[in-house]
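In Swiss-Prot this protein carries:
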SIGNAL    1-25  signal peptide
BINDING   HIS327, HIS331, HIS337  Zn(2+) binding site
ACT_SITE  GLU328  active site
Amino acid sequence: MLSRSIGKAAGGLVLGLSVAAAAHAAPLFEPVTVLSRAAAGSEPALGKLLATPSTATVQEVRVDAAATAQPQLEFELLGQRVQAVRSKVESLPDGGSIWYGQFRSPSDRLTAATSNGQDDPGNSVILVRSGNTVTGSIRKDGKLYRLRPLGNRHVLVEVDESRMPADHPADYNQLPKIPMGNNDRIGIAQASSGTPATIRVLVVATNAAVAAYGGNMQSLVQLAVAESNQGYVNSNVGITLQLAGYETTSYTESGNFTTDLTRFRNTSDGYMDSIHTSRNNTAADVGVLLINNTSYCGLASGIGSTASTAFAAVYWDCATGYYSFAHEIGHLQSARHDIASDPSTSPYAYGHGYRYEPASGSRWRTIMAYDCSAGCPRLNYWSNPNISYNGVPMGIASSADNQRVLVNTKATIAAFR
């Protein structure tokens, strides 16, 4: 009885403080107009965005980048007025910043739906500020929106994840299984993340990808790294991903994922050879090539990797929000898809992603899982039976524990450079 009274009193205090804080939420952006293909005119990047199958709606918005210095933000998601509160902020070496936050619940209080105390991934905001531009991923009730600069304006994009490209080309089924250091934890799944590890990634974007995106590609890369790190925190992985370097390449894409990835990985074939010098100079453990191939989301060099094979290619439009950037690095650490889509037990029988598909109610999947048969959002979590989402374990100890895989292999990949 005493604890209930304290809880009610504390709840009333929190609610009162939240309502007061809400009055001071800074406007992040205001709607201007919904854009149509007729509005694209001579703007190729806008035309491409509007023609992308996964684009549900594009709205021009007026952004106040300075608002990201504030702890509470307010904005409109296609007619729905929402407020978000900051959970943390990070400074970037280039003077920019990353704003992490959560939406307020209808009662004006924050919700945390996971058993590990992390914020709800279905109601989250990550924003990268660079000068007067803001690039971000926004999830509201599981729905994905993207905020991004496009030419001399900003747009809010509503994404239909059911129409995203397939995760991989058929070549995925022939990927080599590369043994990594034998650091497997004894026994069944454990909650510990072990010794922390830092993995450094060099990101190279083709000029075609930069042109097709039409925004601040470096900010998109920083967003991909930030999302990856949030996923590691959410799932108790104990990895920090660092952006070792970002550069562009004039390499002309072949139109084939495997060909482009092979040329990116090879050190002396006359294609992108200089990136290996950059990799050594920046001490990057992993290399990721961002390309403009709309056929698929990505491809890694193997299930597992060595220092000479730790390379992946990612379609830029899948890199953030859909988490393909982290997904492909996950493959390089030996993580596999959900077991229904990817039944191989090599190198780890438990190393699969996880899909939750109840007969009724909310469906979801983790980072490495393919889409549900009836569609479901991809949450920024790795499968982990020790963590629950809305009371449901996010994995199975014997077959779906990507967290355990990443913990097993992180020291090996972090020592590649």
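Cβ from N, Cα, C; glycine included.
Where Swiss-Prot records a feature, it is marked here on the structure.
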residue: HIS327; record: Zn(2+) binding site; contacts (Cβ under 8 Å, 6+ apart): ASP167, CYS297, GLY298, ILE367, MET368
residue: GLU328; record: active site; contacts (Cβ under 8 Å, 6+ apart): VAL288, GLY298, LEU299, ALA300, ALA312, ALA313, VAL314
residue: HIS331; record: Zn(2+) binding site; contacts (Cβ under 8 Å, 6+ apart): LEU175, ALA300, GLY302, ILE303, ALA312
residue: HIS337; record: Zn(2+) binding site; contacts (Cβ under 8 Å, 6+ apart): ASP167, HIS352, GLY353, MET368, ALA369, TYR370
Practice task
Taking the recorded Zn(2+) site as HIS327, HIS331, HIS337, identify the other residues of that chain whose CB atom sits within 8 Å of the mean position of the site's CB atoms, giving them in sequence order.
Solution key: ASP167, HIS168, GLY298, ALA300, GLU328, GLY330, ALA335, ARG336, GLY353, ILE367, MET368
